[in-house]
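For reference, the structure discussed in these notes is given below.
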Amino acid sequence: QLHSDQDKGDGSLKYILSGDGAGTLFIIDEKTGDIHATRRIDREEKAFYTLRAQAINRRTLRPVEPESEFVIKIHDINDNEPTFPEEIYTASVPEMSVVGTSVVQVTATDADDPSYGNSARIIYSILQGQPYFSVEPETGIIRTALPNMNRENREQYQVVIQAKDMGGQMGGLSGTTTVNITLTDVNDNPPRFPQSTIHLRIPESSPVGTAIGSVKATDADTGKNAEVEYRIIDGDGTDMFDIVTQKDTQEGIITVRKPLDYETRRLYTLKVEAENIHVDPRFYYLGPFKDTIIVKISVEDVDEPPVFSRSSYLFEVHEDIELGTIIGTVMARDPDSASSPIRFSLDRHTDLDRIFNIHSGNGSIYTSKPLDREISQWHNLSVIAAEINNPKDTTRVPVYVRILDVNDNAPQFAVFYDTFVCENARAGQLIQTISAVDKDDPLGGQKFFFSLAAVNPNFTVQDNEDNTARILTRRNGFSRHEISTYLLPVVISDNDYPIQSSTGTLTIRVCACDSRGNMQSCSAEALLLPAGLSTGALVAILLCIIILLVIVVLFAALKRQRKKEPLILSKEDIRDNIVSYNDEGGGEEDTQAFDIGTLRNPAAIEDKKLRRDIIPETLFVPRRTPSAPDNTDVRDFINQRLKEHDTDPSAPPYDSLATYAYEGNDSIAESLSSLESGTTEGDQNYDYLREWGPRFNKLAEMYGGGESDKDTS
């Protein structure tokens, strides 16, 4: 309440209020000066308000006293409960932690005035989560309350924390929050194999690196605390097998380290250990953090291919060995207990020329063709070994054959030498330096000797002892008009055993040279040609000569072709139907040239067919004659046919000449032609021969002329 000393209670003064909340939150009675709150005041919104009050004359509105300022302070009451900033907290603590290990701290706030009473004094307590965890009342720190809490038994915990003001006394307000606590893993569990022994099997043919099987130790821990490393620590197969740790599956993969052999050993025993990689020293007392297992591996038998005694073979042989000489032997065996016999063969793709062969039973390789180091110094063969009982199961081995050199080639000139000597050469003048080559390759290197096959009065050879020689003249002056070319045989020999030598002939031309020894001309005929005749003219003359020779040859060939005449014995020979077979008969012993059965069995003769060597028109109908009786002699058959044709007026002389080129003139055999067998006295008319064309003119003249002569006589 406000009151002025000037207020006499007659209502002449008026009280007015200004400042924080004046007119809204606070109002003043104008007559009495009482200040009232218009609504509920919350200290948490504003703890104090500053107001100004003044008394004025109601009629004049003039202040009767100076304005006064005062503060309204709001006294706190416990009307706010403690609150947590998070509804749910998440925390973690390692398992096996000691009692009192701090997990997390939670803090609640109270909007009440902490300086006035206990309204803002908060005490923490645990409503849920005992006996595993506890909370400090004053600080709100949550701690472990039980020792050796094991994550493998329980991993998740939910703790409810209460914050209460008024110091936790009765009537205080409270708030709660939830804390989800997770036990994190520590390496407190060693790896353990589920069994003490396992049995694995593998075929003996498995290559190195093949996985046989796996072992796995279980670990209740997680993450890196469960990582395990496997190793073979003992057993009789430590050198035959390896074990590799598979990181993603934490398994130990057992693999083959060396080739297996059922016949050598059939069972191996390994002792495999699994150990944690990351061990916490705090938990050594829970160890040891490793475990072992016995692994038994049985090797299974398979039908293995043959095995050679070596991975490759190298044989050396001289090139002059005789055919069939054994150059070496390969050996192979069946590794199986059955020990099947082995058959050897050569892969012909590696010996296309079939120079070598192999004994299929004992593997001996021998030569089947001559060897020549100069053609091929190395031969790379492939020998195949197969079991006789199982030919499909094979093994190959490379065989390298080196051909050793033998001095079997004579040295020869290295190149072709175009040698000339000047007409004005002097004795002892060098005209050529020669060298030689040899296909052989002696160990000490090539060494050649040069000499003349015979003493030569014109030239000599001087050996330089460095596989070259010089050709020197022995006299002064040479004349190309007398001798234009000299042949000089040079003997070249080597120094290997046996000594080989050859004779090479140098062709030395005599040439005209200038004063410096440069060749100008080597042709003796060149001196006889006119001085003005050029090279082009010589070429033209040579072409003319060649053309003339070609014309002469063609003319001779054409003339020779025209001289070929039909094989007619004489002008009077009327047999102008010539059939040339261009082959030779087989003589009397040739029984395949014709069918003799046709002559012996005339009944089998088919009807006559039209001839193809005359005009096909049929002038007379042929009459069929009875066939000769069976088993008639050939001579009787021919005589009968001859008689029939002699008496047949419609049978012109259809003669054909077949030349076999083995019977000469004046044959003792009589002619079978019907021209000379005219025994009939009857007249015949042969005028129809003229109608047959020019090819029968000769017959028409002979037969027609004969008749006319007979008539005139």
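Note that the numbers count up from 1, one per residue, in the order the chain is shown.
Glycine is no exception: its Cβ is also placed from the backbone N, Cα and C atoms.
Heads up, TrEMBL stuff is auto-annotated, nobody curated it.
What TrEMBL records for this protein:
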- 4-84: domain 'Cadherin' (DOMAIN)
- 85-193: domain 'Cadherin' (DOMAIN)
- 194-308: domain 'Cadherin' (DOMAIN)
- 309-413: domain 'Cadherin' (DOMAIN)
- 413-527: domain 'Cadherin' (DOMAIN)
- 527-558: transmembrane segment (TRANSMEM)
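When averaged over the domain 'Cadherin' (4-84), pLDDT in the model lands at 81. Helix first, then strand, then coil: DSSP counts for the domain 'Cadherin' (4-84) stand at 0 helix, 32 strand, 49 coil. Across the domain 'Cadherin' (85-193), the DSSP tally of helix, strand and coil residues reads 3 helix, 46 strand, 60 coil.
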